[in-house]
Amino acid sequence: MPPQTRRTSFPKVVIERDTDSEESSSDEDEIDEEDDVVGEEEVTEPKADEEEGEEEQEKSVTKKKTPITISLKKVCKVCKRTGHEAGFKGATYIDCPMKPCFLCKMPGHTTMTCPHRVATEYGVVPAPRRNTHRSLDYVFQRQLRPHIPKMKPEFVIPDQVNCAVIRYHSRRVTCLEFHPTNDNILLSGDKKGQLGVWDFCKVYEKTVYSDIHGCILNNMKLNPRNDGTVYTGSSDGTACCVDLETGISLSLMNLNPNGWQGPSTWRMLYGLDINLDKGVVLVADNFGCLYTVDMRSNNVTGKPILIHKKGSKVVGLHCNPLQPDLLLSCGNDHFARIWDMRQLETGSSLVDLPHKRVVNSAYFSPLTGSKILTTSQDNRIRVWDSIFGSLDSPSREIVHSHDFNRHLTAFRAEWDPKDQSESLVVIGRYISENYNGAALHPIDFIDISTGQLVAEIMDPNITTISPVNKLHPRDDILASGSSRSLFIWRPKEKHEIEKPIDERKIVLCGKAEKKAKRKFGDESDCDSDDDGFTTKGKTVKSKQPYLDSTSTSKSKSKSKSSKKH
């Protein structure tokens, strides 16, 4: 039997913490192997007695007990090196000294001192007037230019929360759409595949259809010819036509009929748009392919066409509002492309617009369709003033904070469809700012003709990020999706004139509603914000309570009864 050693006691472990900073900036503290063990364990092995022959005797083991010292050093999240830390501390973002500025991606300064953080128009030069004699430019001057006003109208900014639904969805909001004919209806989709229909004038009239898709509802478009139906595309590989009144969905296509066969074959639908001129619904998947669905027969027509790099997501599709034959697409291959629907083939794009990173969205301007607005993951909003001119380089690049490293819905700069000058866009901000001690993520209104920040709106109760924002096509209303909640913004001055008393309405859903009932009793309809908006598991109490319509009506009825008595 070979000699063995037995551990009769364990050495003492001493943990030394780095006192330079209070918390470690890494998700998992790394331990240096060089400082793991100070000292060595000396073991003496027993020897067999030669005189006894086959009999072996074990002798006691003697050890020198020395403490093991473990050093917990701070590791940077960005470069994974020790000695410094980077990331968010409240509303402050600390840059890694080994990397360039997180906001503008340029070396030589930090995010706190970045000139683009102080003024978004810093470094933005308006495009010069191009005196071209091309036929397309002549058409633009004769047909489209008269529709653009010579004087820029005054911007109306909805800057006050009018009503909200807290935890309306079970997962984060991914897309928003206003109803084309009913001004009070807002449609929303979430990560779980649910479709919500909310009448924000009658706060409690809301419906959530949970059996339409199996996972993320990435995009949806309402049928302009039939306002009671909506087309949806999901990451489960299905496109559906949903009746808004009944919630009954008709499957238009299923790219995964055999179920899950592995990530290499699973197809997901991202980009979606409707071309009324041709009567088709356009959808695109995560393999770079485009599909067309006939709106009359609800069947897929033709074969899929590869419009982006094979294996890359096509996250956005948009048809030109005045020239339906023009299609704008964008994807994860760092390109936005313009296509002619009459000769749509692989590699037949009219123009390729290169970007440095993933393109989150690309849209034609809503009235004339002559401008292009793109949002890229490199913290840049790019603008092309005319699709009939030179598209070799963008007219302007606006630095804006929307490069995120969390599980969020992608930020997209959206046009204001009511702006006649086609210069106002809205987009949420990723890097938080310190407002009276609270870290808030504002929603920015930017004038893309100059790059100037027109307004930044925030609410002290909304401490989460608002990546999904949609402006109403007819009213001065902004809808924003923040985490699982929906918010409706209206202009402050107009709201104060119509309603001198602040009667903002809010509804708590799910767990928040149960907590409110336990706090106020089952008979109470007043929903406070004690359970409102959470950040990293912490509950943030509201400083100004919201009132729902029911509680307001009850208070009025009580006051009338007291007057009678």
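A Cβ is built for glycine as well, from the same backbone N, Cα and C atoms used for every other residue.
In TrEMBL this protein carries:
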- 19-57: compositional bias 'Acidic residues' (COMPBIAS)
- 523-532: compositional bias 'Acidic residues' (COMPBIAS)
- 555-565: compositional bias 'Basic residues' (COMPBIAS)
- 1-64: region 'Disordered' (REGION)
- 514-565: region 'Disordered' (REGION)
- 166-199: repeat 'WD' (REPEAT)
- 355-385: repeat 'WD' (REPEAT)
The repeat 'WD' (355-385) - residue tally per DSSP class, helix then strand then coil: 0 helix, 16 strand, 15 coil
Segment confidence, the repeat 'WD' (166-199), expressed as mean pLDDT: 94
Tally of DSSP helical, extended and coil residues in the repeat 'WD' (166-199): 0 helix, 18 strand, 16 coil
